């Protein structure tokens, strides 16, 4: 347990990761002083794990916040932090992986990442990040060569560990068939309204840590949902336990053996989100949550194409498997 009360999880590679991280996706203040100050405040109140990505366009502000936190003495060294970033799909080609990671390091003003993840199980034609992806740019990913390049990034010391995001059991099997270094993390949507039971069991059997995103329904994202925050079941449990709905949702994820990333720029909620580790949901609480109707919030529509590797959401998520 760290001094901020956040437990440390030992990944299969042996490195330790804070169980709770601050997400940096879909902020409304990208690249602004406010965004940097929010990251700085998060460090001040106790966050030590930050989850970013090339596609989030938040790496530079996070890097500035880390540098300022060091200058202010909020942290004594970069080693106190756990920094995750992600490989964007347009760079998911064997010869572009290392340059993409090095670009993320330049943005972050860091010498190494703690964790580097493949953002999606699909590639795009090489080029700059764009919000509207042309359908003819969507390509199948060569898991073997892209993962080998990820392994090289770890071997060279530019990242301490490697993993994936949004991979189904089937896609993990394909990737691991050619892997020399197995992925240590699979970051996916997981919440009381999307339990991911089969995927959790598969990842546990293969020593892959699930990191949950959209734990509160990604309500600030264009595809977000109020299903978690408006859940009557979660509200009833929260009132009975003297907690917030957000805390109940986050605690449920943690009690499933998963780590999680959440995002808030509100100092009060930042502090509240850290307070989920000194209490437990009861067996009765867990039983009620198990009965909540299930639905996916995140959409892969922007990566679907009649000529691409995945034509439907079902194919992308392998939900019929």
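Counting begins at 1 with the first residue displayed.
Keep in mind that glycine also has a Cβ here, set from the backbone N, Cα and C atoms.
Taken verbatim from Swiss-Prot:
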{"type": "ACT_SITE", "residues": "56", "note": "active site, proton donor"}
{"type": "ACT_SITE", "residues": "119", "note": "active site, proton donor"}
{"type": "BINDING", "residues": "27, 51, 187, 214, 216, 264, 269", "note": "NADPH binding site"}
{"type": "BINDING", "residues": "119", "note": "substrate binding site"}
{"type": "REGION", "residues": "300-321", "note": "region 'Disordered'"}
{"type": "SITE", "residues": "86", "note": "site 'Lowers pKa of active site Tyr'"}
Its residues classified by DSSP, the region 'Disordered' (300-321) shows 8 helix, 0 strand, 14 coil
Mapped DSSP class for residue 51 (NADPH binding site), helix or strand or coil: strand
Residue among recorded positions 86, 119, 269 with least C-beta crowding, 10 angstrom cut-off: 269
List the Cα distance (Å, whole number) between residue 51 (NADPH binding site) and residue 119 (active site, proton donor). 12
Quick one: Cα separation, residue 119 (active site, proton donor) versus residue 269 (NADPH binding site), in Å? 27
Could you tell me which three-state DSSP class residue 269 (NADPH binding site) falls into? helix
